[in-house]
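Engineer: Swiss-Prot lists these features:
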type: MOD_RES; residues: T21; note: phosphothreonine
type: REGION; residues: 38-89; note: region 'Disordered'
type: MOD_RES; residues: S50; note: phosphoserine
type: MOD_RES; residues: T55; note: phosphothreonine
type: MOD_RES; residues: S57; note: phosphoserine
type: MOD_RES; residues: S59; note: phosphoserine
type: COMPBIAS; residues: 77-89; note: compositional bias 'Acidic residues'
type: MOD_RES; residues: T86; note: phosphothreonine
type: REPEAT; residues: 116-171; note: repeat 'WD 1'
type: REPEAT; residues: 177-222; note: repeat 'WD 2'
type: REPEAT; residues: 247-286; note: repeat 'WD 3'
type: REPEAT; residues: 290-329; note: repeat 'WD 4'
type: REPEAT; residues: 334-372; note: repeat 'WD 5'
type: REPEAT; residues: 376-415; note: repeat 'WD 6'
type: REPEAT; residues: 421-460; note: repeat 'WD 7'
type: MOD_RES; residues: S485; note: phosphoserine
type: MOD_RES; residues: S494; note: phosphoserine
Amino acid sequence: MNRSRQVTCVAWVRCGVAKETPDKVELSKEEVKRLIAEAKEKLQEEGGGSDEEETGSPSEDGMQSARTQARPREPLEDGDPEDDRTLDDDELAEYDLDKYDEEGDPDAETLGESLLGLTVYGSNDQDPYVTLKDTEQYEREDFLIKPSDNLIVCGRAEQDQCNLEVHVYNQEEDSFYVHHDILLSAYPLSVEWLNFDPSPDDSTGNYIAVGNMTPVIEVWDLDIVDSLEPVFTLGSKLSKKKKKKGKKSSSAEGHTDAVLDLSWNKLIRNVLASASADNTVILWDMSLGKPAASLAVHTDKVQTLQFHPFEAQTLISGSYDKSVALYDCRSPDESHRMWRFSGQIERVTWNHFSPCHFLASTDDGFVYNLDARSDKPIFTLNAHNDEISGLDLSSQIKGCLVTASADKYVKIWDILGDRPSLVHSRDMKMGVLFCSSCCPDLPFIYAFGGQKEGLRVWDISTVSSVNEAFGRRERLVLGSARNSSISGPFGSRSSDTPMES
């Protein structure tokens, strides 16, 4: 599979969160030496190649061509054909060319007068006749992040490297561009935005957690440009000796295999949940940088998970073992329940409009709508012909569900009530679709990543059938996460409504 334009995971950042002028990293010589030494040490541990690189040399043909071009022209000898270019005296007289050198410059007298009206400006900004901005000015404006800008962070797998791309999206100005990127050490599989700052002053930040093909979770600061290492990491790589033993169980240090999905607890901000190919879910205490709990309910790779939007203790996860698990994280071993399905679980998501309900998608193309208090699904939807890798409810429009699949299609559904209906279907021309996400501030704006064509943003409200189905539907905006709660599958401490119309 060609990896030249693959986007494997995507996440949005709300308007007004990012720093207006991001900081730029300036490394000292000592820091550069330290980073180089650490990189060499990692390469040696992983059995990297030699440090020697082949250097190219100019070819003989190229050198010969350069010599030919640099050789001076030889003077013409008598009798050469080019001597015919010399004009005789009669021709000079006919055109008065023999007196050409005697004539004065007609513009010489008026040159000084013409300069009298010339105005010189210190810069193009001061010149009223220069209306086009220079490139540097455009770059300065693009570097600033406005309060109305959303950020979109996606993991990209290039042919020879992997990185995070940070895009700026502004619907009002119709702008969408790459702001900066971050070089990654491993293939990215999941991204999750969070604002928890591990510093003691309990401030908020603008961070992105990245799960990859290694057991280590990297957390990067999105307000810093040109950073070469994450702010902090969770977990550690296994040594070669431990790998040879073939142990699959999770240790106190963290996962032992790739991290497939991440979910941040918005109510208890120092908690991050991770799903891994080692069959476990780990709850991380980011203030300590260590696992707080390890959940080993599944018997195969855990591919997806999500915290409840209003209940800090409630978590769901989906696995290759064709099951979904619901946990009460206060006592996960004792308080959990399971649902079994026909296929491997690809995605799970809570319905933030109906907090007792959640959705699950499978690798055989089905979507299930479930009540956490019941064993039977509310409805089963045969949505696609292949695995469903994107499962996203609109951030503000009740009943609007968007699914993305390996069958290359994105489909928009109205799931209000017990009978879902297809509103629109589109081949995105992106090959296999890997991920999707709805903008938290704009309910009809979705981002998609796939096998090719990079990151794509689609305003689904431009489709007439979408406008007919959802255009007049009431928008419900989520209230503050700190003040909002609602009765859910494990009860709640508050009766405040989580929605504001």
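Just so it is clear, glycine is given a Cβ too, placed from its N, Cα and C backbone atoms.
A description of the local structural setting of each listed feature is requested, covering burial, neighbours and distances.
Structural biologist: For T21 (phosphothreonine), other Cβ atoms within 10 Å of its Cβ number 12.
Confidence across the repeat 'WD 1' (116-171), taken as the mean pLDDT and rounded to a whole number, stands at 80.
Here the repeat 'WD 3' (247-286) has, by DSSP, the following mix of helix, strand and coil residues: 0 helix, 19 strand, 21 coil.
Each residue of the repeat 'WD 5' (334-372) gets a DSSP state, and the totals for helix, strand and coil are 0 helix, 23 strand, 16 coil.
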Engineer: Go through the chain and flag residues at least 6 beyond the ends of the repeat 'WD 7' (421-460) whose CB is under 8 A from any CB in it; none is fine as an answer.
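Structural biologist: Contacts of the repeat 'WD 7' (421-460) (Cβ under 8 Å, skipping residues fewer than 6 from its ends): 1-2, 4-12, 14-15, 150, 152, 154-156, 165, 167, 169, 171, 176, 389-397, 400, 402-406, 408-414, 466, 469-470, 475.
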Engineer: Using a Cβ cut-off of under 8 Å, list the residues of the same chain at least 6 residues beyond the repeat 'WD 5' (334-372) that approach it.
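Structural biologist: Residues packing against the repeat 'WD 5' (334-372) from afar: 295, 297, 303-306, 308-311, 316-328, 378-393, 398-399, 401, 403, 405, 407, 415, 420, 476, 478, 486-490, 498-499.
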Engineer: Could you count the residues of the repeat 'WD 6' (376-415) that DSSP puts in helix, in strand and in coil?
Structural biologist: 0 helix, 25 strand, 15 coil
